Amino acid sequence: MDTLDEDQVQALQKAFNSFDTDDKGFITPDTVGVILRMMGVKISDRHLQEVISETDEDGSGEIEFEEFAALAAKFLSEEDEEALKKELKEAFRIYDRGGNGYITVHTLKEILRELDNKLTEDNLDSIIEEVDEDGSGTIDFNEFMKMMNG
């Protein structure tokens, strides 16, 4: 984690915690792919599996935060931050079908399901509860960015 600054570590911790809804201290390899893709990292499933195999030091098939952060560090750099923000803004705009500055909780659930079909309804509800801070039933760009960047 030497190559990550404090803000990046916090953002990764928040993303990790959002998907570790049962507080087990680990996430699945599939979830790693979901988080990286949501953060704008373009990676093939095959390359992702190779990187996860290298990173899952204890061979448990479960990715602890330290392992996840080490893996993510390979893909994140400060120069990428602006590009990441731009990509996230574009992704948000695509899903903001009405162009009104927000997406519905239902749309966010669809996005998350599309990214990881193993998420249960309880997992999704936990993520939504954390993201929709004002309980409005909609996710504005700032809430979306907080979810993605911490």
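A Cβ is built for glycine as well, from the same backbone N, Cα and C atoms used for every other residue.
Annotated N-acetylmethionine per Swiss-Prot: Met1, in sequence order.
Positions annotated as domain 'EF-hand 1' by Swiss-Prot: 7-42. Residues of the same chain lying 6 or more positions beyond the ends of the domain 'EF-hand 1' (7-42) and with a Cβ under 8 Å from any Cβ of it are 1, 48-49, 52, 56, 60-65, 68-69, 71-73, 75-76, 80, 83-84, 87-88, 91, 112, 115-116, 118, 122-123, 126-127, 130-131, 146-150.
For the domain 'EF-hand 2' (43-78), the list of distant contacts is 1-5, 8-9, 12-13, 16, 24-29, 31-33, 35-37: same-chain residues at least six beyond its ends, Cβ to Cβ under 8 Å. Residues or ranges marked as domain 'EF-hand 2' in Swiss-Prot (evidence: sequence analysis): 43-78.
Of all Cβ atoms in the protein chains displayed, 19 besides its own lie within 10 Å of the Cβ of Asp56 (Ca(2+) 1 binding site). Under the heading Ca(2+) 1 binding site, Swiss-Prot lists Asp56, Asp58, Ser60, Glu62, Glu67.
Mean model confidence for the domain 'EF-hand 3' (83-118) is a pLDDT of 84. Taken from Swiss-Prot, the feature domain 'EF-hand 3' applies to 83-118, supported by sequence analysis.
What Swiss-Prot lists as domain 'EF-hand 4' is 119-150.
For Asp132, Asp134, Ser136, Thr138, Glu143, the entry in Swiss-Prot reads Ca(2+) 2 binding site, with the evidence type sequence analysis. Shown in sequence order, Tyr102, Ile103, Thr104, Val105, Asp132 are the residues of the chain, 6+ apart in sequence, with a C-beta less than 8 angstroms from the C-beta of Thr138 (Ca(2+) 2 binding site).
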Tally of residues which DSSP labels helix, strand or coil - the domain 'EF-hand 3' (83-118): 24 helix, 3 strand, 9 coil
Folded-back contacts onto the domain 'EF-hand 3' (83-118), same chain, C-beta under 8 angstroms, at least six residues removed: 28, 30-31, 33-34, 37-40, 124, 127-128, 131-132, 137-141, 144-145, 148-149
Spatial neighbours of the domain 'EF-hand 4' (119-150) far in sequence, C-beta under 8 Å, 6+ residues away: 7, 10-15, 18-19, 21, 38-39, 84-85, 88-89, 92, 101-105, 107-109, 112-113
